[in-house]
Number of protein chains: 2
Amino acid sequence: MSAIPEDFVRKTARLSEEVTRPFPSSTKLYIQGSRPDIRVPLRQIEQTPTLTSGTPEENPPIPVYDTSGPYTDPAAKIDLLKGLPALREAWILERDDTEQLDGPSSEFGRARQADPELAHLRFEHIHRPRRAKPGRNVTQMHYARQGIITPEMEYIALRENCRLQELREDPRYSKLLRQHPGESWGASIPEEVTPEFVRSEVAAGRAIIPANINHPELEPMIIGRNFRVKINTNIGNSAVTSSIEEEVEKMVWSARWGGDTLMDLSTGKNIHETREWILRNAPMPIGTVPIYQALEKVDGKAEELTWEMFRDTLIEQAEQGVDYFTIHAGVRLAYVPLTADRVTGIVSRGGSIMAKWCLAHHRESFLYTHFDEICEIMQAYDVSFSLGDGLRPGCIADANDRAQFAELETLGELTKKAWEHDCQVMIEGPGHVPLHKVKENVDKELEDCFEAPFYTLGPLVTDIAPAYDHITSGIGAANIGWYGTAMLCYVTPKEHLGLPNKQDVRDGIITYKIAAHGADLAKGFPGAQLQDNALSKARFEFRWEDQFNLSLDPERAREYHDQTMPKEAHKVAHFCSMCGPNFCSMKITQDVRDYAAKQGISEDEALEKGLEEKAMEFRKQGAEIYKKA
Amino acid sequence: MSAIPEDFVRKTARLSEEVTRPFPSSTKLYIQGSRPDIRVPLRQIEQTPTLTSGTPEENPPIPVYDTSGPYTDPAAKIDLLKGLPALREAWILERDDTEQLDGPSSEFGRARQADPELAHLRFEHIHRPRRAKPGRNVTQMHYARQGIITPEMEYIALRENCRLQELREDPRYSKLLRQHPGESWGASIPEEVTPEFVRSEVAAGRAIIPANINHPELEPMIIGRNFRVKINTNIGNSAVTSSIEEEVEKMVWSARWGGDTLMDLSTGKNIHETREWILRNAPMPIGTVPIYQALEKVDGKAEELTWEMFRDTLIEQAEQGVDYFTIHAGVRLAYVPLTADRVTGIVSRGGSIMAKWCLAHHRESFLYTHFDEICEIMQAYDVSFSLGDGLRPGCIADANDRAQFAELETLGELTKKAWEHDCQVMIEGPGHVPLHKVKENVDKELEDCFEAPFYTLGPLVTDIAPAYDHITSGIGAANIGWYGTAMLCYVTPKEHLGLPNKQDVRDGIITYKIAAHGADLAKGFPGAQLQDNALSKARFEFRWEDQFNLSLDPERAREYHDQTMPKEAHKVAHFCSMCGPNFCSMKITQDVRDYAAKQGISEDEALEKGLEEKAMEFRKQGAEIYKKA
């Protein structure tokens, strides 16, 4: 402990109260699986009763998918210096197909561990890494193809269902579970996500479970178009700004606000040490782009990159526990000139590094030529591929061009190769695409890459709104999610302009939760509409607290309401600031219903049977209604 | 002047510098029409030259559609006490089909004018209203159907084109004008918007020009799906908060940020006087919901509303110059019970008022039964109908239900009737709709309402994000705009929570500009991609200032950039804060191009002909490139 400077300990070891306090009126539950150590977190939002109609009507709690990890569990003891509990450790050990190494097997990993100057930055409790025993394959896809349902798969099934089957048996939820039939564009979404369904989707390559054996702390989740649409968030320091403390706190914020996975895109100093801190405290899968770090090792000179150095980086990061790697192996030499006439050339960092390497050496990149060896590393730790779109369009003009689609076809070829190694694969997608060209991206990806999960950045549907690119891209994201993208990579308001701060991360995440949820609703994912229905019922009944609590960002909803009507009494007021006390459409509608109910008949019947003669009476009564307010 | 209290004068007569200063590096131009008094405003954004490649390359100015009115014209003398110049007055007088009245012909208008207690609030220079001469019809639709091209129509043609035809002749724009072919779902968007095209669209009822003869200050604009997608903004005080000064300033902000039309939804005191101030200073069409004011006159008791009182309100507002009225004439008695089983009943204020009236009287509403008389009033001042969707869904669960669509069918019937009077009509739409059910709304509207322009609120694609409903609805808006909605009614972050402040208005407007522009790009509106291409080229070439200036919100783009890199020098830095000076994808791509150019051959050729033998040389050179930074 003494090696870590005091201010660092103080900042990171004690997360601020605001990032760890439980969500309002929420209970953290754990769904019990088939064995004691399968305990799937779930947040349940408690509601107040409906008071408007005589006897109070109970409003049942609403379960929501919970990404926040142990940080929102009042019973959990959080100690960033020790890291999260290794909940998957027993599962990994039981499989008896891995071995614990004496220490890092990468040169770089060993050098960093031995460097006394890094002691003050280093995470204290570094585990010795595990690796597949010789000849063994430890990927979830491998198990799935053997017909094995892993604890991870069962965990995911329970997580995706969010207690829906129980709720269906409970009459309190019958009206709340009403839902529009979806349009899923050929997806095969089941009524119930069973462990066997999870297994079969992973076996088919239609879904992945990013879960490195060296990241036992993670709460398993799945990425595939027959499951809930997920969102990825990015953090990362750079040469210009940001520190370890900030990055770890951003990771916890990301979990809190709803990030399903997180990429550490750091390009500055000490990224090895930063990554260790993040991984040991991350309840979600962590992804990286190893080429960024490799480039640091050659002082930014892309042409000096070598396979050996890249290989060492892969092993270094795999042994730390990174769950998925973006690898731009689809940037082929012949595709680079296809970008010459573009408005914005190559905008992917990884893509431009590899393009430069290819041109300098006039050879296919080592990522492409050594792909089989990369697969062998991936399968030894179960790192999933995120095959990078190095030639993605950086503006509307360049969308869906030959360079982009040529690379996508190569990614399909590589997907097949990776699957021969039972490696898990997802495919990255653009970028900047006008609305009417979004669907072509999904259709082509599904065909060319054999339904491997699609993972897209946005896309932005226009280039003209820097400072609002969470929104330009959120529009594209909702659409592409609906069409079949399995995971949406978030974009913050600072995209193209600077590094996101905490508020930017929050805005980016909530925007993408909206996009992902909008896609789930449109696809008709079972139970997706429950939260909407509950919130709308609360809104209609002026249960302000419930409306805030059921929303994606309860704190901001409350804050915005308070800006106009700060008093506590207004939280139960049967009107809102928009219309004032005498004039509220919701109140009028409720009055109409109440009147009909008072007559002992439905509104419908009242209209049919007796309203004509009762009109006068109603008029008298009705005229009094508003005086009460 | 003395009647107006000094603090009011001070606040409203002098708008803050920030709301009137010209946009950065922008020139306000006027396109000259066929007669001296047709001068169409246009903003042109100047660009800096490209410096990266030897001899500087000129980047031509980019014209953009300008909604900001005289407020951003340094040559204009703004005096809110006098109002804007009456640019359409001569056109109206020349037609010689109107007469000036001695004063307001509505009872309420006369009473307000005579009330000495209102003197301190009253706009000083109230004009005597004009009205059609007996037997004359003064709507733009009427002229259009007579084959007359009005100055308003020519103005609009020039405005929609944004100098595109000139630009096409100019070689500096040839690459910048590249554009994806659109998918317009059956719209008929012309390559050039001619005055005759405007006329024919208005004659067919596919577009409207909201332009009351008593609002001569407005800069004509058009709403129709074969034109640019427009956005509407809402302002309005309420019984709880807000004042005249704030509302006038919000109107100017709305113009500045890009609002095409504006609805004054005030429900509080002094709405007659507030409206006068807004109209006299508004360069955009102003809409209202007259039933709100009528309800004030009966102290909020919907069942006491009468046709006579409503009629008086219509005339009062028409004579002030309101350009379009939302009228909920489609809420028929038989439809009200269809809402009884909804999650959120009737959420439209106008809809719930009329529903209550219908039930109380057990009769069809006076809006429905007196529709022909309403048409006669509308045609006497050229007020356009915005047929209200009083039964729009207030949540995802209620989307596209029978109540909603039954009303829509009635709106179609009323459209036909209005057209018999040559009245201009648009149709309001929802609301809350999941993504996959958005298109059905447009398809049904186009069919049931005979292609009358659709004007939708959002729709929100989920209910669960209060405080972010500009985004939930912006997603729906971009989609519905693409499918064929002509105007998108904005939603602010405060929707469902409170009254929007200035920042909320800004966030709402920019979000909707994104949605509308995203729709224009997807529909393939000619020239729509120019601004995207120019901004992306600037971005690629690290022309930061140009990137800010070309964006929808230049001030916020600059502010966000400055948060990470505040120094002036960084505005010309060939890197950005995201990646640091040694590591930038844009720079790498540019280096690749520069290298190829230096060899006197294109990258493409370099690759084909000689890169293999030049690889070593490039490697040496390339390795130096980054040291300069």
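Quick reminder: no glycine exception, Cβ is built from N, Cα and C everywhere.
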### Annotated companion of B:Asn234, B:Met263, B:Tyr292, B:His328, B:Ser348, B:Arg349, B:Gly350, B:Asp389, B:Gly390, B:Leu391, B:Arg392, B:Glu428 at the substrate site, TrEMBL, chosen from B:Tyr368, B:Tyr381, B:Tyr455
B:Tyr455
### Number of other Cβ atoms within 10 Å of the Cβ of B:Ser348 (substrate binding site) across all protein chains
27
### Summary
According to DSSP, B:Gly350 (substrate binding site) sits in helix
#### Entry: B:His496 (Zn(2+) binding site) versus B:Arg392 (substrate binding site) - Cα distance in angstrom
15
### Query
So of all those binding-site residues, B:Tyr292, B:Gly350, B:Tyr455, which one's Cα sits nearest to B:His496 (Zn(2+) binding site)?
B:Gly350
#### Entry: Fewest Cβ neighbours within 10 Å, where candidates are the binding-site residues B:Arg392, B:His496
B:His496
#### Entry: Site with most surrounding Cβ atoms, counting all protein chains shown within 10 Å, from the binding-site residues B:Gly350, B:Gly390
B:Gly390
### In the chain carrying B:Asn234 (substrate binding site), residues 6 or more apart in sequence that have Cβ under 8 angstroms from it
B:Leu262, B:Met263, B:Leu265, B:Cys489, B:Tyr490
#### Entry: Confidence summary (mean pLDDT) of the domain 'ThiC-associated' (B:22-99)
93
### Message
I want to verify one value. Collapsing DSSP to three states, which class is B:Tyr292 (substrate binding site)?
### Response
helix
### Task
Among the binding-site residues B:Ser348, B:Gly390, B:Arg392, B:His496, state which ones have a Cβ less than 8 Å from a Cβ of chain A, giving them in sequence order; state 'none' otherwise.
B:Ser348, B:His496
### Summary
Span of the recorded substrate site, as the biggest CA-CA distance among B:Asn234, B:Met263, B:Tyr292, B:His328, B:Ser348, B:Arg349, B:Gly350, B:Asp389, B:Gly390, B:Leu391, B:Arg392, B:Glu428, B:Tyr455 in Å, is 20
